[in-house]
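Here the structure comes first, spelled out in structure tokens, and everything after it is commentary.
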Amino acid sequence: MDSIEIVGGKKLKGIIPISGAKNAALPLMIAALLTEETLSLDNIPHLADIELLIRILNNHGVGYAVDGQKNHTECVHSRTIHFTAQKITTTYAPYDLVRKMRASFWVIGPLLARCREAYVSLPGGCAIGTRPVDFILEGLKTLGARITIENGYVHAKVPKGLKGAHYRFPKVTVGGTHVMIMAAVTANGKTVLENAACEPEVTNLVQALNAMGAKITGEGTTILTIEGVQKLNGARISVIPDRIEAGTYAMAVAMTGGDVMLKNANPHHLTQVLEILQKTGLDIEIKPQGIHLKRNLRQTKIMPVDIKTGPYPAFPTDLQAQFMALMTRAQGISHITETIFENRFMHVQELNRLGAQIKLDGQTATVFGTEHLQGAPVMATDLRASVSLVIAALAAKGKTTVNRVYHLDRGFERLEEKLARCGATIQRITV
């Protein structure tokens, strides 16, 4: 099992290219199930979750080509993948595939829309909370689906096809919004979704579906109106830059000091994050090619800032762990409140192993900033927690070994290579 070794204390200097957003690529790939024609997606990152979803889609009969070449067995190393679901060969999504990634459950929407039936295992993924699929299932019922759950599988049927309806999400859910949009685009009649997620990744999906012939209005807002169409066409869409990756590297620069350009990062997707990082003392300049970051830790100390996670455009839960790592070296006390997931502080114990001083009280972590962190062996517990340990290790004295980095490979493309090119002492160890 791979691990990553880091010797801290080096400033970061250079250019970090920001990859396509995994959280945007996954629903776009699943949308290929909605059309017989080819959906071409540019800027897809090379990640374990992408590879897994390719296998899942292939299980349903979706062919794919990388820059015009078929590849049914290996993870791709290219920016463009062409997906063609000319015929859905099965509506069955088995446990051995779906259990590895929660987003794979989203195939239930397109399968119901196109085949009027889906038999999908309940999902897996990072163990950071229950993330119930109840909102998705209740929403699909509103569109006319008959749903039963048996032996860990959801069996959904709609013999006469889905019908437009009005549905209000009890709580903002990105995954639920993705599924309901994809289910409703070819439903008979009008669907109105209230309290919908308005993350940039949702907007990316809406724009893609409209390019395929859907009729969706309200993009970027919490109310989406969908006029069902009979069929969707193929299209070519670019995956948006990964705002979570960009925010992660911005926090790394804030932690170590240095001078880094985040190439292709979209600052409009990170408005609150950048404002908060400026309050910590990071110098940020928006340029045509991306986001330019500077920090001289001898001149500007890391200032403590309180944050509370929330649905977009609030501070993203996917950057909470990374920001906590930054706050471990702040000149004072900060408070971090998590409102999205109920179990997303598993990184606290590992950060404390590096010398951090963090105390938990329910959904709030109090971080007592310390001048120095000390390298030590630590264990990644989930995707975002794992990268928070990397950020802390970059500033810690001595060597840190981050174990179970397969979590990192699910969401960060060539992380150690990007950091090493900016001067970090970091390497992957394969046992």
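Counting begins at 1 with the first residue displayed.
Placement of Cβ uses the backbone N, Cα and C atoms for every residue, glycine included.
Take the UDP-N-acetyl-alpha-D-glucosamine site that Swiss-Prot assigns to ARG102, ILE340: the candidate from ASP96, ASP318, ASP361 listed for it is ASP318. For the binding-site residues listed here (LYS22, ARG102), the lowest count of other CB atoms within 10 A around the CB belongs to ARG102.
If you draw a 10 Å sphere around the CB of ASP318 (UDP-N-acetyl-alpha-D-glucosamine binding site), it holds 21 other CB atoms from the protein chains shown. Of all Cβ atoms in the shown protein chains, 25 besides its own fall within 10 Å of the Cβ of ASN23 (phosphoenolpyruvate binding site).
For the UDP-N-acetyl-alpha-D-glucosamine site listed in the record, the two most distant Cα atoms among ARG102, ASP318, ILE340 lie 16 Å apart.
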